[in-house]
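Undergrad: Provided herewith is a single structure, encoded as structure tokens, for subsequent inquiry.
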């Protein structure tokens, strides 16, 4: 078997060959199918037939095929593309792998993603950058649940070109009726989920029928051969070019005082010097002065290019802003409806704040309880409280400031986002913006003339939030009460929020599940924030067991106003005291989700104040707290 | 790449690869605190450096170049290293593992330990010494099977270990560069380039590469089926070995006693590409490092080698 048969032009006229290959376009596509659908075999076949396999690789492949292959003595093309050692031994592909091959017309990047149900996350990842998806079906099995799942996910991620590759036609005697029946089935399904068009092709990855060359065994098929189709289908970058100009600013280039360039990737449209542009979200306008490039300024830049441009006017513009066509700018909003694909083993906690990255903007965002989740096997909607790994759901999202956006249908670059856990930094979700909520577009913050500074000044104090945290029975309320009395005696304006005035009123509807605890703290944080806006010194005494929520509240407050006060009482001490008899009940199983017993307490890592109650009396603790916050005080005179 | 005009209906594959790499370089500069570019002087490094210059033009790239040196590179590589850094207006940092130096570690006596101490340990030392939190590397996914699954942003623990099970999904053009204190990122802007792409780009952009990529008469010995170049007097000839002048060139460059040459007369870019396309063995075959054991790259990567 000859592995590599180079193009005759390479030997005869290398310059002509290089000229031809210099102008290839690029198509990124995704293959989806289960372990048995012959997906890896198909990719291996494409690499092999397009001469990407070298002799040393082929001899390694022959050796591997005999050792671990599944095709007996024949070459197992799947081994060409299966990757990490552990996976190879299990005989499955468990991650996204990227493969490359090229023909005279195009270079191809193939995202190879697995068919296992638990790996929705990998397929969504691979699909996010693909122009086209090849959905593989085993001709002997027809439409399976996973076929529907793959098609739905490809459609959800906005892939415009779908190929239905009915594989293993050699095992059904190349029978046209089998193919037609599968295509009819698929057409019904496609209509039901709003897929407008797809291209069906009968193939055999193993034998090569209709992959790169037309099958003699299936003369009845008159449609395109797979590779021809891949070579001619239009790519997204071309479609993006027809849309209005957009460039999210990545980096401001300031080598000296005379030059200020805005660097970024043009996500849509075309740009020329002189074009009027608008900077979002500020809305200021200017004109493009230059498109700067090493080797000389450019006359034009188009969608898909990374450029540096300068503006005619000195306007504020920095990373996260979007430079757009002046007459067709995108909108900005801070509340959205979005589809989320959850990608992390830790579930979504509604109300917890995450980083949201969209384009070059990173903001703090809160996801509300999901409206519903979508079963990827049946596309049915179901009620859920949270999203777990590989769940897909629709939810409202609120960001802490307006972001420049487009709907995902209009722009993958300004409508696709990721959520990042603030503590672990993991990418926990992929999201697609559906639309901005009207209330966000219409409600604008009124400029309040009586500012929070004015409120505070009137009270002759600086606002503070003293956040007491610790186990049940640690002494939070006792100490907080003593602190407030001292502050009151000093003529300070304060207010204590605790279980008595919050749990029975504002948060009456909340229980003690993790989600409810998060929401509980979020509401308390918001109320406390309003009170500090009014100039008060606010004390809160809640267990507040999670670091993330405490960090969230901290992030809502101006620098230096938040004091985390850790009332550190060991569990056995608190349990021994058991002032309210709660530990006894919890141990007896009468109270669910009790912090320290059946629910975790995450102690502060570096609190502003740390009170060890085994060595300090409540009075001493109160005295120390007052001293600390008064000492940290810059009095307003 | 020259500007696309209306006559060209879409970007070419090289233009799209270039745009993607520049986007990645800028994203790291915007989000990391202390980035560095690992510069190995090979053709991939040359392309990566060229892309960095384009990404930040007219400013010089806002990070230094780091060469983790083994003291055993070809002389011609050291010459180009200095010239390239100066042309880019960038600071060049060279790190040589003092322990390897003290112990006289060399490719003749120490085999795998040579790579381990000079390169793997040397790299970790250099990153720790300067406190770099993001390091650009020129690795490509097409080089080796286990690299096909490597992310563009690859996270390392504070002890520089790579955990293939704990990598972040990369969606759209969004890269999550957030990390805990002590963690670092290896970033591979050339992930989606192939060997042919690299050569085509070098040709299209006129990028200077080490002359060793072009054929010339050079002193060589044949050993264990590899053609080695006698680059300096440290090369230890075995009994009976006499250097023979052959017209050779290199497909990859590393430590000269470990890098196999091919006999060739290709002395222009076009003819080198022609030979590459007509050849029947893959690029890394000339490197002794990959043949040690199955899935060897993957193991090295977990230990912190690139």
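Each Cβ is built from the backbone N, Cα and C atoms, and glycine gets one as well.
Just so you know, TrEMBL annotations never went through curation; they're auto-generated.
According to TrEMBL, the domain 'Tr-type G' annotation covers A:24-238. Positions annotated as GTP binding site by TrEMBL: A:33-40, A:112-116, A:167-170. If you look up TrEMBL, you'll see A:470, A:471, A:472, A:473, A:474, A:475, A:476, A:477 marked as ATP binding site. Taken from TrEMBL, the feature active site, phosphoserine intermediate applies to A:544.
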Undergrad: On a C-alpha basis, identify the one among A:470, A:472, A:474, A:475, A:544 that is nearest to residue A:113 (GTP binding site); the candidates are the recorded positions.
TA: A:544
Undergrad: If you skip the near sequence neighbours and keep only those at least six away, which residues in the chain come within under 8 angstroms of residue A:474 (ATP binding site), Cβ to Cβ?
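TA: Listed in sequence order, they are A:567, A:568, A:569, A:574, A:613.
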Undergrad: Using C-alpha positions only, work out which of the binding-site residues A:33, A:36, A:39, A:169 is nearest to residue A:471 (ATP binding site).
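TA: Given the candidates A:33, A:36, A:39, A:169, the nearest one is A:33.
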Undergrad: Among all chains shown, work out which of the binding-site residues A:33, A:473 has the most CB atoms within 10 A of its CB.
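TA: The largest 10 Å Cβ neighbour count belongs to A:33.
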Undergrad: Among the recorded positions A:113, A:472, A:477, A:544, point out the residue whose Cβ has the most other Cβ atoms within 10 Å, with all shown protein chains included in the count.
TA: A:113
Undergrad: Which one is it: of the recorded positions A:470, A:475, A:476, A:544, whose Cα lies the shortest distance from the Cα of residue A:169 (GTP binding site)?
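TA: Of all the candidates listed, A:544 is nearest in space.
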Undergrad: For residue A:36 (GTP binding site), write down the residues of its own chain that are at least 6 apart in sequence and whose Cβ falls under 8 Å from its Cβ; none is a fine answer.
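TA: Non-local contacts for residue A:36 (GTP binding site): A:138.
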Undergrad: An 8 Å radius from the center of the A:470, A:471, A:472, A:473, A:474, A:475, A:476, A:477 Cβ atoms defines the neighbourhood of the ATP site; name the other residues of that chain inside it, in order.
TA: A:541, A:543, A:567, A:569, A:574
Undergrad: What is the total of other Cβ atoms whose distance to the Cβ of residue A:39 (GTP binding site) is within 10 Å?
TA: 25
Undergrad: Between residue A:472 (ATP binding site) and residue A:544 (active site, phosphoserine intermediate), what C-alpha distance do you get in Å?
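TA: Pair distance, Cα basis, whole Å: 10 Å.
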Undergrad: Note down the number of other Cβ atoms within 10 Å of the Cβ of residue A:476 (ATP binding site), including every protein chain shown.
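TA: Summing over all protein chains shown, residue A:476 (ATP binding site) has 28 other Cβ atoms within 10 Å.
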